[in-house]
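Colleague: I'd like to ask some things about the structure below.
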Amino acid sequence: MESLFGASRRTTAGGGFDSLKRLGHISPAVQSHLKHVYLTLCSALAFSALGAYLHIALNIGGTLTTIGCLVAIAFLISLPASQHQERNRFALLMSAALLQGASVGPLVDLVLHLDPRILVTAFVGTAIAFGCFSAAAIIAKRREYLYLGGLLSSALSILLWLQFAASIFGHYYFTFELYFGLLVFLGYMVFDTQEIIERAHHGDMDYIKHALTLFTDFVAVLVRVLVIMLKNAQAKSQEDKKRKKRY
């Protein structure tokens, strides 16, 4: 028995040391880059929350804010990643996040009217999932998950067709598209994190563009989680109303 426990301890310790060794492969420059990326991501999420609040207060979210968000992102990507344009690109990212939050505002408003706990649960769940998948990508061996790029691109193409089918055939395709899209963007969290690390190893230190990539993943997952929880809550409330009518 002692030998078994000793072996298990060595295995557990070995696995932990292996993870630390893999993390050690990330150079200090890349680690610093990741800190900038995640701090910028947090700022973008804060501006997105502000955008959602502005919609609730002023009812500004809609088609125009969505178009404005896409224009800001396109303009950001078109600018060169230089110190001269750093402030402009950062401002464009925050503007895009603000407009994205306003665009998601109607969904957030609907959730708050039904049950505010859904919003808190969805955000915390998305944040935990993001942290876990990002940590898995950081600790993993270099390039271990980059093979997912082809699979995820194909899945994204399928997702676009599913969205088109859902607009025509309705409920069942929409439900499948929600869950399928959730899996796709959870996969992108892992892939994009490891791709950012790999690009940083090759000298690409564009933390603003990398934060934009992770912000897109985070919002895509959060929106789908919100819609799924909202649909479940609505279905439950309808069942409760039917039961009350029976009795």
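Here, residue 1 is simply the first one shown, and the rest follow in order.
Cβ atoms here come from the backbone N, Cα and C positions, even for glycine.
Residues annotated as transmembrane segment in TrEMBL: 37-54, 60-79, 91-112, 118-138, 145-166, 172-191, 211-230.
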Colleague: For the transmembrane segment (37-54) and the transmembrane segment (118-138), check the count of CB pairs under 8 Å (sequence separation 6 or more) and say whether it reaches 3 or more.
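Modeller: Between the transmembrane segment (37-54) and the transmembrane segment (118-138), contact is absent.
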Colleague: May I ask you to check whether the transmembrane segment (118-138) and the transmembrane segment (211-230) make contact, with contact taken as at least three Cβ pairs under 8 Å and only pairs 6 or more apart in sequence counted?
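Modeller: Contact between the transmembrane segment (211-230) and the transmembrane segment (118-138): present, because at least 3 Cβ pairs are under 8 Å.
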Colleague: Cβ pairs under 8 Å with the transmembrane segment (91-112): which stretch of 60-79, 172-191, 211-230 has the most?
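Modeller: So the stretch in question is 60-79.
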Colleague: Which residues, given as numbers and ranges, are at least 6 beyond the ends of the transmembrane segment (60-79) yet have a Cβ under 8 Å from it?
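Modeller: Residues 51-52, 54, 85, 88-89, 92-93, 95-96, 99-100, 102-106, 208-209, 212 contact the transmembrane segment (60-79) from elsewhere in the chain.
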